[in-house]
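Here's what TrEMBL has on this protein:
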- 1-13: compositional bias 'Polar residues' (COMPBIAS)
- 1-21: region 'Disordered' (REGION)
- 43-66: transmembrane segment (TRANSMEM)
- 78-98: transmembrane segment (TRANSMEM)
- 119-138: transmembrane segment (TRANSMEM)
- 171-190: transmembrane segment (TRANSMEM)
- 202-221: transmembrane segment (TRANSMEM)
- 241-261: transmembrane segment (TRANSMEM)
- 282-306: transmembrane segment (TRANSMEM)
- 336-357: transmembrane segment (TRANSMEM)
- 395-417: transmembrane segment (TRANSMEM)
- 423-442: transmembrane segment (TRANSMEM)
- 454-478: transmembrane segment (TRANSMEM)
- 490-509: transmembrane segment (TRANSMEM)
């Protein structure tokens, strides 16, 4: 049988041919797609992918230095809820749209359907490329942060920074990064049943890991911070030359906002999820909600073991300035005379980060699969190919390869690398906001709600979500160090602006002539 393509949503109606009663599968047919991926994921598995990508152990651990430097405990404890509350509005709006359009394309498909016939191709093109590049940046930053953590673990295990420990070079770190990506590509080449198992195990590991660390670290520390310090101490002593308390607080929010990213995975996994029009949205909001609760507990627990902020941030400490590693190491060394327990705790975090990267590659590959299914990528037929296990195998390996390439600038300049991975937060949130914006403007009067919806509050929540994304886009583009030089400039607006220029130029020069937005793979 051959399959012809026609504009998505052209009126094709699906029937639940297998009699399973799976409303998500029926809805997929109504949207213009035949089922190509195996629909084996439960609600728990769908939730697990988003929860594992959010991974509070990953985000909080890797950006704890930022939190301590800009505001310290007060910013981290209260800023977490500020970012969490607004992130939930973004998640709720995305969940409502996901319920109406449960496809692997997710955000770019939503933009196409909500922006109207005139703007559909352009809206889809912009959203899709911001989403896919943002996802690649997420995988890059997650796996590179794991490579850096491995570097610190080896340093502490061999004597520490002040005891002749081995500090891996930048070339060894990039080799670690490559090996991690290679293993993630292999795992993601396995059947979806295996990925479901790993995803659920990863979610459990993240959950249990948080509780173990938030209790064990402050419990073994011989000196603990007071509750007043943990909840009210505002650190204004930073080396960035910034003295405004509001400015410091805003910059400290980056830790929280970076962590609470990646929950679009639940949307990208909907074509492999049972009853996706219900379970996909629930996966999004439950992953955010549970992450907010356990993440706050992790921050509070670890911060009770913090005493000397300047020393934790100093590059001359045993962990070479990796604050949370120094906290773990000192807690155990102060009680037992050895920091081995702290190194084991870092191992728990490392495993969580590993699973975060694994799930990120999963989400990446499904986005590549969907975007290439609609002919939006160079060599689309190659990346859309599905193997005998119904896995988009080429999309998996492409995602791993691009993430490796995005890490290579770290060999020349960490500033250039950090600018690139900044797209992981800002670029991805722009992709989140675009379909929500179209839903509350162009589609306000004709948006058809799915089983999960916000009722009359949908437009209000949507506007709050859009305005929050605009706010963080501006805030996180501000300078983070004064005076501003070529080495201290915040290159986030350069990176995000450069991405927009590339995507817009490709549209004007080429894509507008042939890209028509999402297309179906049902027979005509």
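Start at 1 and count along the chain as shown; that gives each residue its number.
Note that Cβ sites are derived from N, Cα and C of the backbone, with glycine treated the same way.
All annotation found in TrEMBL is predicted automatically rather than curated by experts.
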If you count Cβ pairs under 8 Å, which stretch among 78-98, 171-190, 202-221, 395-417 touches the transmembrane segment (43-66) the most?
202-221
What stretch in 241-261, 454-478, 490-509 has the biggest tally of Cβ pairs under 8 Å against the transmembrane segment (423-442)?
454-478
Annotated stretches the transmembrane segment (241-261) and the transmembrane segment (78-98) touching (3 or more Cβ pairs under 8 Å):
yes
If we skip the immediate neighbours and take only residues 6+ beyond the ends of the transmembrane segment (171-190), which ones have a Cβ under 8 Å from one of its Cβ atoms?
139, 143-144, 146-148, 150-151, 198, 354, 357-358, 361-362, 365, 387, 389, 391, 393, 396-397, 399-400, 403-404, 407-408, 410-411
Looking only at residues six or more beyond either end of the transmembrane segment (282-306), which have a C-beta under 8 A from one in the stretch?
43, 46-47, 49-51, 54, 56-57, 59-60, 64, 67-68, 73, 76-77, 80-81, 84, 87-88, 91-92, 94-95, 98, 206-207, 210-211, 213-215, 217-218, 221, 224-225, 229-230, 256, 259-260, 263-264, 266-267, 269, 273, 312, 324, 327, 330-331, 452
Same-chain residue ranges lying at least 6 outside the transmembrane segment (202-221) that approach it to Cβ under 8 Å:
44, 47-48, 51-52, 55-57, 290, 294-295, 297-298, 300-302, 304-305, 327-328, 330-332, 334-336, 341-342, 345, 348-349, 351-352, 355-356, 358-359
